[in-house]
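Feature list (source: TrEMBL):
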- Asn11, Trp12, Lys13, Gly169, Ser208, Gly229, Gly230: substrate binding site (BINDING)
- His92: active site, electrophile (ACT_SITE)
- Glu163: active site, proton acceptor (ACT_SITE)
Amino acid sequence: MTQRRPLIAANWKMNGSCELAVQCCETLSQLPASNTEILICPPVIFLNDFPKSDRYQLGAQNVSSEVSGAFTGEISADMLAAAGASYVIIGHSERRALFGDTDTLVLAKTKRAIAAKMTPIVCFGETLTERQQEKTMQVLAQHLDAVYAAHPELLQHSVIAYEPIWAIGTGETASPAQAQAVHAFIRTYLKKYDDAAASKVRIIYGGSVNAENCAALFAQPDIDGGLVGGASLKPAEFAAICLSAQDS
Ligand SMILES: O=C[C@H](O)COP(=O)(O)O
């Protein structure tokens, strides 16, 4: 880890309950105070089940690209912020693959989040085929360009999540060296938009992070934390992952 403040984010996806929220709060409240920022992104219906705490922040898993109006089922950035979300995950591969979140939508959502004073966690990652064809960096460059080329000013307000799609929910994580190589590429690539912001931006890793593999990942110089799916549904394991970031 680095001088950048570590961020460990839980993405519950469409899982969890108010009972899990209570357990999660209790477990996290026992962690010693530290510089690590802990974030929980439950389904928005559970945001209010988390009491206000200085141990963690709350976030959402998606946001509308629109401000308001006749968009049935959507939730605006202002509404999420009013419900207590200070972060929002944007462009997760599941959104891109299953719900049609294109690069254009990812850019629009990123702008909306920042306008509502939330921090977007903008997700990027390659498929297994793209990795096998050695296209990882090319694919990432294209997707990064789609958000930041015309709007480099967004970078200083963003967190980047690198999530190789082949490692999500599969139990197969990128090795620390593989992940570090991509994180270093992303940081270097982003320098062309804003050199200072690229040095400061937190780039977190997601894809089968667990209590066993997290320490080696977080020890890498360009890995500034994790976006944790399955393991974040087990409060004790998630707390162990948060502790591991403190030690790295
Ligand atoms: O947002 C989280 C990622 O999709 C990783 O999920 P996972 O930890 O279950 O592989």
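Glycine too: its Cβ is placed from the backbone N, Cα and C atoms.
Those TrEMBL annotations? Automatic predictions, nothing curated.
Note that the structure is a prediction, hence the values are computed from the model and not measured.
Structure with TrEMBL features highlighted.
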| residue | record | contacts (Cβ under 8 Å, 6+ apart) |
| --- | --- | --- |
| Asn11 | substrate binding site | Cys41, Gln61, Ile89, His92, Gly206, Leu227, Val228, Gly229, Ser232 |
| Trp12 | substrate binding site | Leu20, Ile40, Cys41, Pro42, Pro43, Phe46, Gln61, Ser232, Leu233 |
| Lys13 | substrate binding site | Gln61, Glu94, Gly229 |
| Glu163 | active site, proton acceptor | His92, Ser93, Cys123, Phe124, Gly125, Tyr205, Gly206, Gly207, Leu227 |
| Gly169 | substrate binding site | Ser208, Gly229, Gly230 |
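Taking the centre of the Cβ atoms of Asn11, Trp12, Lys13, Gly169, Ser208, Gly229, Gly230 as the substrate site, the nearby residues of that chain (Cβ within 8 Å, site residues left out) are Asn15, Ile168, Val228, Ala231, Ser232, Leu233. Considering only the binding-site residues Gly229, Gly230, the Cβ with the fewest other Cβ atoms within 10 Å is that of Gly230. A Cβ distance below 6 Å to any atom of ligand 1 is met, among the binding-site residues Asn11, Trp12, Lys13, by Asn11. Of the listed recorded positions, namely His92, Ser208, the sparsest Cβ surroundings within 10 Å are found at Ser208.
DSSP assigns Trp12 (substrate binding site) to coil, not to a helix or a strand. According to DSSP, Gly230 (substrate binding site) is assigned to a helical segment.
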